[in-house]
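Worksheet for the structure shown next.
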């Protein structure tokens, strides 16, 4: 229905637009329709030695983004929390098995608490907010988690292995046909599979819990899917590279599949000539046989694994098909200077060697995110430099699977142009490093300098003060109902005269009713657990902000000899244009390093929750400030407001300090002074130093133009919505202060 309305709207727009057209506009439209079809074209290359404004701004280092809007993600998060058992597969894939069972127990306990509250007949002093409060917090946490994992949306596996193989084979053939037609590849086939699976499956309550038990204890696909999701990388153009660590079973099956594939395509002789290779790639029978072998092996492997693992293994087998065919190439083919007639017509060996080198390094090194990233970047930078001339010419008869692998490789899509433009032999700067008391010079690239900074940040031992503070607040909020009932029932002097049994009866709000006691205990457990989870997320965000500040501090120490030696980082001066370029690249990369959007979601949720709590408190104070503290939930709101405000102040302090470190133009001004000092000592280099000085001045102006002040909320807020929120909240605070102090006070001012 929506598509028909859209088509009708477009048709009517064109219809009424035709009445306004003149002759010149029609001729222009005819030329626009022709486009570039009749234009002569020749091969061109992007200048690798130039920089874009995206590089300085940081948007060149793309981060993962969700495909759905935040309203859809909020709705999905609420639905997945309310119907938690029915979405057990999704929760198993985006969390671990232990966390899933913990959340399931909390969900069942909360349901039991609501049922007990509704069925309790005896009079009790338990307010409704004590039972309903954890539900709102559970919905908030579920929504936040759904927005965090929205960039990695796993798809449930089909019901049977035969249907899975059939649909995977169909999807593979459709992808090949789309590749041959030159059209863009989408996930329509997979989406259709998921939709048909979701609509054709109906569960009873007993079947749901039986499937939960079976999935948690007897299926390993969710664990593998989680590993592949956690290790995947995605950019703005929708690329997903699943490089998760495989279990022993999947690794053995993949190795066997690779051995069988290599036996099929292995030549009878030890070496092939270039002519033989060209004939082999040009033979249609060999092309079809190889593709059929890859498809069969991928179907065989994926029939026993989960969807994400099967996808990874299929990509692995496809890499092996290209690598096994090309690996007997002689070493002189990779030299930069060779005759054109000896040049192979395929550019996939670079991608194959890059992928295999990354897999080999992943199997031997420890599990570290930093090492994984830098190994990938270093291997692919070397691979790119060795295969630059080889990838200039592409074969029109390339294997579609290999061409898809080559096209989907993120290291060949210029997502990191400043890395790929670096030649390891040329794009280096002379930096000073300290080994004890010895000062030595070394030629270092951007990757090596940033790697040393990251190692220094990772070696930093974070404090646990805010974690302890979160634990204390969780316990206080959990015990608040008991303390409030004791304070309302008895005076402090009378409490000492009562026995422990009477105090417990008063604190639990019942005279021994087992249903009420169970409800209070369950609410206490659920409340403490959910509040602890929320403050745990805030502690994770606080640590991330602290790491960003450390990145900024160490980056500022690079151009200071004393601070660089103290911080054990390299030291170099901005005395050349190349040094300035690498300094700007390093600055942008470090600003984008680490969690970005996920942490912004947590901080934004805390910010919006604080605004809501402050607004409710102000409304309660304006409505009934005489009896404000006589309500249990008002005490909880005050505690929430104080604790969240402390965390937000911490975020504001760290974020503002980080922005100040990166926007510190005193470094560039100091380097300009050093250039003038160098001009005085070396008049013969005055022209060169003047050029560098002018570039420094331009860099200073550019940073001032692009840098923006720190924002507490990570989500983009409409200016109108921001002004409305500011007016409502600050007006409420102004009203409270004016009512309590007795004079008018305005704290807000609308800004355009």
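Just so it is clear, glycine is given a Cβ too, placed from its N, Cα and C backbone atoms.
Marked as compositional bias 'Polar residues' by Swiss-Prot: 182-194.
The annotation compositional bias 'Low complexity' is assigned in Swiss-Prot to 346-358.
According to Swiss-Prot, the domain 'PHTF' annotation covers 6-153, on the basis of sequence analysis.
Among the features that Swiss-Prot reports, region 'Disordered' is placed at 173-194 (among others).
Look at Swiss-Prot and you will find 227-251 (among others) tagged as region 'Disordered'.
The region 'Disordered' annotation in Swiss-Prot covers 273-371 (among others).
Positions annotated as transmembrane segment by Swiss-Prot: 98-118 (among others).
As annotated by Swiss-Prot, transmembrane segment applies to 126-146 (among others), with the evidence given as sequence analysis.
Positions annotated as transmembrane segment by Swiss-Prot: 464-484 (among others). Beyond the ends of the transmembrane segment (464-484), by six or more residues, the same chain brings 126, 130, 507-508, 520, 523-524, 527-528, 531-532, 535-536, 538-539, 542, 632, 635-636, 639-640, 643, 646-647, 650 to within a C-beta distance below 8 angstroms of the stretch.
Marked as transmembrane segment by Swiss-Prot on the basis of sequence analysis: 520-540 (among others).
The transmembrane segment annotation in Swiss-Prot covers 601-621 (among others) and is backed by sequence analysis. Residues 140, 143-144, 147-148, 537-538, 540-541, 628, 631, 634, 637-638, 640-641, 644-645, 647-648, 651, 712-715, 725, 728-729, 732-733, 735-736, 739-740 of the same chain, all 6+ positions outside the transmembrane segment (601-621), place their C-beta atoms under 8 angstroms from a C-beta of that stretch.
What Swiss-Prot records for 635-655 (among others) is transmembrane segment, and it gives sequence analysis as the kind of evidence. Beyond the transmembrane segment (635-655), the same-chain residues lying 6 or more positions past its ends with a Cβ under 8 Å from any Cβ of the stretch are 129, 133, 466, 469-470, 473, 476-477, 480, 484, 535, 538, 541-542, 545-546, 548-549, 603, 606-607, 609-610, 613-614, 616-617, 620, 629, 710-712.
What Swiss-Prot lists as transmembrane segment is 727-747 (among others).
Mean pLDDT for the domain 'PHTF' (6-153) in this predicted model: 84.
For the domain 'PHTF' (6-153), the number of residues in each DSSP class (helix H, G, I; strand E, B; coil) is 101 helix, 0 strand, 47 coil.
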